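Enquirer: Below is one structure. I have some questions about it.
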Amino acid sequence: MGKSRQNSTTTVDREKDEIQKAMGHEKAEFEALEVARHGGREIDDLIDDMERQLDEAGGLNKGFFQVQFANPKHFTWLLVAFASMGGLLSGLDQSLISGANLFLPDDLGLTEHENSLVNSGMPLGAVGGALLLSPANEYFGRKGAIIISIILYTIGAALEAGSINFGMIVSSRVILGLGVGLEGGTVPVYVAETVERRIRGNLVSLYQFNIALGEVLGYAVGAIFLNVPGNWRYILGSSLLFSTIMFFGMLFLPESPRFLIHQKRHLDAYKVWKRIRGIEDRESREEFYVMSASVVSEENAVAEGAKNHRFPWMDFFTEPRARRALVYANIMILLGQLTGVNAIMYYMSVLMNQIGFDKKESNYMSLVGGGSLLLGTIPAIFLMERFGRRFWAITMLPGFFIGLVLIGVSYQFDVETQLQTVEGLYLSGLIIYMGFFGSYACLTWVVPSEVYPTYLRSYGMTTSDALLFLASFIVTYNFTAMQNAMGKTGLALGFYGGIAFIGEIYQIFFMPETKNKTLEEIDVVFSRPTMDIVRENWAGVKETTHLLLTGHWHKVFVEQAMTDPKDQVQVSHA
């Protein structure tokens, strides 16, 4: 009995030590959270000191590009609108190739293998763009990295439109992909680091909405230029308009305040915070205090050698808190990509042609898939923080499976003799699959942008972004070969559907909840041992199952949605 108690005590001590080790000098962060909860005087002292420094420096920066609103919340919406336009560019450039696919191969004399490389060139380039994410974010900041990505978008689109051979079109697609990869990993972090926690998940989800909107616009552009000579050139070059608008819009936006503190530019961070969040609201003052304490404690830990100062990447292997975030975020991304969504998006017009539509009809019918994805993102934008991350992950994956089953079954009927059955089943499955994926896709940007510690966030997003586009490249490049090897039903139902089924089991057990938490509180969540999270999730599953079986639907859905957004993770100092 004594030995058992001793082992139990040792386990508790080991877990405490693990938390302290994983978070380095996070005692300062814990204390900052407690000060914020109890309204300590330290918060006002910090704000007063920053105001004094601001007065000595001559006040807030003035100038043509220094936009300021009477109500800081209006600045938040401006910031999110322009930053998230990167999602629109990304989605637009992903779907434009679908319409161009009907004409480009014949005009340039491409083989089937060469056309696969053209389609997969952008996700391949995006892997390279993701690898640029860390150095670009560390040396140029979040804002600078976004501007660089826009320049790459512009160069790539211009070269695409003017391509005269296979080498030129592939090169332009890779350059375009560099912009997609760099921007895709930067914008969600930029938004997550600048907006208030209660709407963070909703506004990061807006990025996915813009991706879906861009994909719909891409299909619409394909339809507009369908009967124009040289149509695919106009289709691929149309994104130049949006990249130009976004470039000028980004010039008016500030740098991320968390990044500025990370760079030891505390006064600049305070200036930005005052412009975009204000200091009149108590919650905003508390969040600035906690953010400052958290980032400073991380930087001190690095400086004192508690972490791998020269090789920050190593913390993903040596620090349990960072490792948990890396494993979870990247498995979640893989589960989405390996269900084939990007292959379906890129080959949408070709797939429509395979089930009986002519080229013109195929282009128009592509709007069905893109429109379903767009509509599917809307609930997540408004309800991400209300229902939480686990709800969206666990309820969306079964929708993938059902949609893929219908798509797979549709291939079992003869297009020549049962055309209506084939098209009915296929389109129904496509609508269900894309609709459910719209909400899940929001998580692939929300979760990676919030789970990594500040000093590793750009490195973490590099791995997540690179993995996302690497999986997209693999799925897209091998789509035709896999379809020929497995059969259309085997690929849709067996492979893609099987991934969705496995993913559901993983999310049920291993996905922690991070809704309504500051980025600093999420540090605490991922400092807990994985088995603690699994036990907590399993207890929640049993309770939810019991409530559903006994007819208490109100407690499962309504009460969860009414959770007080001010609820925060409690930190024990025992």
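Any Cβ shown, glycine's included, is placed from N, Cα and C.
Features from Swiss-Prot:
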| type | residues | note |
| --- | --- | --- |
| TOPO_DOM | 1-76 | topological domain 'Cytoplasmic' |
| TOPO_DOM | 98-115 | topological domain 'Extracellular' |
| TOPO_DOM | 137-143 | topological domain 'Cytoplasmic' |
| TOPO_DOM | 165-173 | topological domain 'Extracellular' |
| TOPO_DOM | 195-205 | topological domain 'Cytoplasmic' |
| TOPO_DOM | 227-233 | topological domain 'Extracellular' |
| TOPO_DOM | 255-330 | topological domain 'Cytoplasmic' |
| TOPO_DOM | 352-363 | topological domain 'Extracellular' |
| TOPO_DOM | 385-390 | topological domain 'Cytoplasmic' |
| TOPO_DOM | 412-426 | topological domain 'Extracellular' |
| TOPO_DOM | 448-465 | topological domain 'Cytoplasmic' |
| TOPO_DOM | 487-490 | topological domain 'Extracellular' |
| TOPO_DOM | 512-574 | topological domain 'Cytoplasmic' |
| TRANSMEM | 77-97 | transmembrane segment |
| TRANSMEM | 116-136 | transmembrane segment |
| TRANSMEM | 144-164 | transmembrane segment |
| TRANSMEM | 174-194 | transmembrane segment |
| TRANSMEM | 206-226 | transmembrane segment |
| TRANSMEM | 234-254 | transmembrane segment |
| TRANSMEM | 331-351 | transmembrane segment |
| TRANSMEM | 364-384 | transmembrane segment |
| TRANSMEM | 391-411 | transmembrane segment |
| TRANSMEM | 427-447 | transmembrane segment |
| TRANSMEM | 466-486 | transmembrane segment |
| TRANSMEM | 491-511 | transmembrane segment |
Enquirer: Using a Cβ cut-off of under 8 Å, list the residues of the same chain at least 6 residues beyond the transmembrane segment (116-136) that approach it.
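Expert: Apart from its flanks, the transmembrane segment (116-136) reaches 93-94, 97, 101, 104-105, 110, 144-145, 148-149, 152, 156, 166, 169-170, 173-186, 342, 346-347, 458-459, 461-463, 465-470, 472-473, 476-477, 479-480.
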Enquirer: Taking residues 6+ outside the topological domain 'Cytoplasmic' (448-465), which of them lie with a CB under 8 Å of any CB in it?
Expert: 23, 126, 129-131, 133-134, 137-138, 181, 184-186, 188-189, 191-193, 200-201, 204, 258, 262, 294-295, 298-299, 302, 307, 312-313, 315-316, 321-322, 325-326, 328-330, 333, 514, 519, 522-523, 526
Enquirer: Per the definition of 3+ C-beta pairs under 8 A with sequence separation of 6 or more, do the transmembrane segment (144-164) and the transmembrane segment (234-254) touch?
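Expert: Contact between the transmembrane segment (234-254) and the transmembrane segment (144-164): present, because at least 3 Cβ pairs are under 8 Å.
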Enquirer: With an 8 Å cut-off on Cβ pairs and a sequence gap of 6 or more, do the transmembrane segment (234-254) and the transmembrane segment (77-97) reach 3 or more such pairs?
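Expert: They do touch: at least three Cβ pairs between the two stretches lie under 8 Å.
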Enquirer: Are the transmembrane segment (174-194) and the transmembrane segment (331-351) near each other by the rule of at least 3 C-beta pairs under 8 angstroms (pairs 6 or more apart)?
Expert: no
Enquirer: Going along the chain, which residues at least six beyond the ends of the transmembrane segment (174-194) come within the CB cut-off of under 8 Å?
Expert: 76, 79-80, 83-84, 86-87, 89-90, 93-94, 121-133, 136-137, 142-143, 145-146, 148-153, 155-157, 159-160, 200, 203-204, 206-207, 256-259, 276-277, 445-446, 448-450, 457-458, 461-462, 464-466, 468-469, 519
